[in-house]
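Per TrEMBL, the features are:
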- 34-254: domain 'Cation efflux protein transmembrane' (DOMAIN)
- 369-389: region 'Disordered' (REGION)
- 31-50: transmembrane segment (TRANSMEM)
- 62-83: transmembrane segment (TRANSMEM)
- 95-116: transmembrane segment (TRANSMEM)
- 136-154: transmembrane segment (TRANSMEM)
- 200-218: transmembrane segment (TRANSMEM)
- 224-243: transmembrane segment (TRANSMEM)
Amino acid sequence: GTIHLFRKSQRSLVGKLTHEFRLVAADRRSWKILLFGAINLICIGFLLMWCSSTNSIALTAYTYLTIFDLFSLITCLISYWVMMKKPSPVYSFGFERFEVLAVFASTVLAQLGALFILKESAERFLEQPEIHTGRLLVGTFVALFFNLFTMLSIRNKPFAYVSEAASTSWLQEHVADLSRSICGIIPGLSSIFLPRMNPFVLIDIAGALALCITYMLIEINNYFAVDTASAIAIALMTFGTMYPMSVYSGKVLLQTTPPHVIGQLDKLLREVSTLDGVLEVRNEHFWTLGFGTLAGSVHVRIRRDANEQMVLAHVTNRLYTLVSTLTVQIFKDDWIRPTLSSVPIANNILNLSDHHVIPMPSLKAADNLNPVTSTPAKPSSPPPEFSFDTPGKNVSPVILLNTQTKPYGLGFNHGSTPYSSVLNQGLGIPGMGAAQGFRTGFTNVPSRYGTNARGQPRP
């Protein structure tokens, strides 16, 4: 076969992933995340074994939060990888949207796990199995300790931004109401409870509290149904916490404009439209490229005598305060003055068989008349604007389109005189010869202005 000496070798998908993983692992900051990921896998293995031995679905629902922590660690690695990568011809805006996609996928998978717990809990209400509490409390504290330690030890920039930018969950709102009541009694706790609490820390504490209540009720009264009720509560809290984050990251993926910057963008666009030389700002589109990064494009129409580089610099300077990745297209005004055509009409364009020509008196011949006008006429002055008893003095000949259909095929002669030959005959004036009138293709039409059908002068 043909040997290609300089052809690049095509790496497989696994080879590409391995290359990118080595690129991330070369950074010292990612070693801590890899260590926590290895510990997370070990912890998940033990928790799943304890869930099987205790037969507790509530502990299983709480273990899914530990699996979510593993997804958050992977998202943190992707964030480091995005900072190392530079824009390419394929990804001209960079790779920041991979962070958004990772957050969206993690939150959606957590909600799917919550739906799976709700389905299993509905089946357990019909036939409640026996719950063993030997390792239930131990698994609860191990999962709580590891989840809190992971959340507080690693700075996860994507999830930290989403948790602050997304709308509050129902769990955060209820805790905020409870915190206001407590701070009303003890004002010194306002610095701890009144700020917006971290939703991940809040759900970890609430899930551990539900498991502790489950352990106590099962130990005291052997009330096994409380385990199913706790599983439903943990699943609902998980779904309610992850849903606002999924909605926010999904809107970023759909390239929508953030609601909190719409007012600022409108103000900046109004300022741009008032710049010197700017006529119109149109086709503006702004969207969130990544978490905290706003991109946009706008078309600016300027005057024909305006300086393009100067207008571009002013527009960019105004919008760059809010839009970090901006594309501005400058184009000058493209209006054109309407011009009158002075090209003569061709001889074969119009025929009198297709048009009726209304003859009008000649302007030069009419100057010899002395009409009664509203303004006295002078030999050197132009024709008066208004005149009486002189119809058509200042009116040019009018050509009307003949819309009547021709009876083709009936044997009639439709010959006609060309338009140019008609115009060469002159205009008929009262008192002048017949040669001054129009000639038509009809034989029964008088050929001289001011004569009757038989050619006799009118009285």
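Backbone N, Cα and C atoms are what each Cβ position is placed from, and that goes for glycine too.
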Any contact between the transmembrane segment (200-218) and the transmembrane segment (62-83)? By contact I mean 3+ C-beta pairs closer than 8 Å, pairs at least 6 apart along the chain.
yes
Any chance the transmembrane segment (224-243) and the transmembrane segment (95-116) are in contact, meaning at least three CB pairs closer than 8 A with a sequence separation of 6+?
yes
Any residues 6+ beyond the ends of the transmembrane segment (31-50) with a Cβ under 8 Å from its own?
25, 59, 63, 66-67, 69-70, 73-74, 76-77, 80, 135-136, 138-139, 142-143, 146, 150, 153-154
